[in-house]
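A short worksheet on the structure shown next.
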Amino acid sequence: MALPIALTMGDPAGIGPELTRRVWSNLKASGRVFFWIGDPALLGANTPYREIRHPSEAASCFVDALPVLPLSCPEPVYSGCPSPGNAVTVIESIRKAVHYTLEGAASAVVTNPIAKHVLMASGFPHPGHTEFLAALCGATGQEVMMLACPELRVTLTSVHIPLKKAIDTLSTDRIVAVSRVTEASLRRDFGLPQPRLAVAGLNPHAGENGMMGGEEMRIIQPAVEALRREGMNVIGPMPPDTMFSAAARPRYDAAICLYHDQGLIPVKTLDMAGGVNITLGLPIIRTSPDHGTAFDIAVGPEETGKASISSLLSALAMAHDMALQRVMSDAQTS
Ligand SMILES: NC(=O)C1=CN([C@@H]2O[C@H](COP(=O)(O)OP(=O)(O)OC[C@H]3O[C@@H](n4cnc5c(N)ncnc54)[C@H](O)[C@@H]3O)[C@@H](O)[C@H]2O)C=CC1
Ligand SMILES: NCC(=O)COP(=O)(O)O
C-alpha cells in the first residue's frame, strides 16, 4: 500500500481547516490516504476524526475518520483574523510533515496556505514555505518553485522578492541552475523522457534585438546556449506576451519565468481552481494549492461552501502521482 500524504494545518484562521474537512469527505472512499497535522478543535462537530500517534495508523481509519496528528493552538482562533500568537503551531505542523516524509513514513508533504506576514510578525525568518522547506531539508538554495495546471507548467528564477530586485539579481547562472532543476524533475517526478524547456524573455518583444532592453542578449541568450551545450532541449528567449498562448504552449513542457508574476499570472488565469504549487529541488515531494489563506471567505466550522476544494484536491492528486513516478524513476536508474 502507498504511504500516506502528510497535510499541514496552514493558518488556522484561513480556509485550510474547512478545505481539509471537505477534501477528506471527498476522498475517504478513494484509498488516497492522507493525515492532517493540526488542532482538532478547528474541525467542528460534524467531521469524524481519529487522533493518531504515527502516520502508519492513518490508512486503517481513513475511510471512517480523518486521521489527525494532534497539535494545539495556544490562542483562540477567530476565522478571518489571523494571529502571530498561533504561528508556533503553524510552523510545528510543517516541521512534523517534513520530518515524517524525510524518514519515509509519509510519501509527500502537502501544505495548506499560510499567511507570510503573520508568520514573519512572529519572528519567522523565511518568506514562505518554499524557503522553509528547503532549510528543513538541508537544501537551501536548491529549491525551485513550480506552478502547474494541466495546460501549463512554469518555474521561477526568483520568488518572494520585489520585482526590482528580481530584475537586478537575474543572472545567466541562475537561469541555468533553475533550468537544470526543472529538467531533472520533469524526468524524475513527471516521467518525461525528453523534457522541452522554454525560457521567457524579460522585456517587451524579448528585447527586440536590444532596442527594448539588453537582458536578453547579455543574460538570457547565453543561458539558453549554455543549456543547449549540456544537451537540453531549450527554446528562448521567448517574447513573454505570446509564449503562454494556446498556440505556443504545446511547444514546451515547462516555461522558465524570470519573476514571480510572469509565471503565476498565466497559471492562475488559466486555472485558479486546479493550479498546484510544487517545490522542486528537494529530497521530498511537496505540493500545495495555488491559492492563499482567503481570510475574506474563511468561516470556520460553519462552512458556507464559498471556498473551492479543487486546488487542494489537485495538490493531493499531484503529490500522489509524483511520489509514484519518483519511485518508478528511481527503480529504473538504480
Ligand atoms: N502556499 C501558500 O501558503 C500561499 C499563501 N498565500 C498567502 O495568503 C494570504 C492571502 O493572499 P491573497 O493574495 O489574498 O490570495 P488568496 O489566494 O488568499 O485570495 C485571493 C482571492 O481568491 C479567493 N480565493 C482564494 N482561495 C480560494 C478558494 N479555494 N476558493 C474560492 N476563492 C478563493 C479569496 O477569497 C480572495 O478573494 C497572503 O498572506 C499570502 O502570503 C498566498 C498564496 C499561496
Ligand atoms: N505565490 C506563491 C506563494 O506565495 C506560495 O509560496 P510558498 O508558501 O509555497 O513558498
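Backbone N, Cα and C define each Cβ position, glycine as well.
Heads up, TrEMBL stuff is auto-annotated, nobody curated it.
Per TrEMBL, these features apply:
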- His129, Thr130, Lys268, Asn277, Arg286: substrate binding site (BINDING)
- His160, His205, His260: divalent metal cation binding site (BINDING)
Just to be sure I understand the packing, how many Cβ atoms besides its own are within 10 Å of the Cβ of His129 (substrate binding site)?
25
Would you mind checking how many other C-beta atoms are within 10 angstroms of the C-beta on Arg286 (substrate binding site)?
28
Through the lens of DSSP with three states only, how would you label His160 (divalent metal cation binding site)?
coil
What same-chain residues, at least 6 away in sequence, bring their CB to under 8 Å of the CB of Thr130 (substrate binding site)?
Glu143, Met145, Val159, His160, Thr279
Between the binding-site residues His160, Lys268, whose Cβ has more other Cβ atoms within 10 Å than any of the rest?
Lys268
Just name the winner among His205, His260 (the binding-site residues) by count of other CB atoms within 10 A of its CB.
His260
Among His129, His205, Asn277, Arg286, the binding-site residues whose C-beta sits under 6 Å from ligand 2:
His129, Asn277
If I take the alpha carbons of Lys268 (substrate binding site) and His260 (divalent metal cation binding site), what is the distance between them in whole Å?
12
Please report the number of other Cβ atoms within 10 Å of the Cβ of Asn277 (substrate binding site).
24
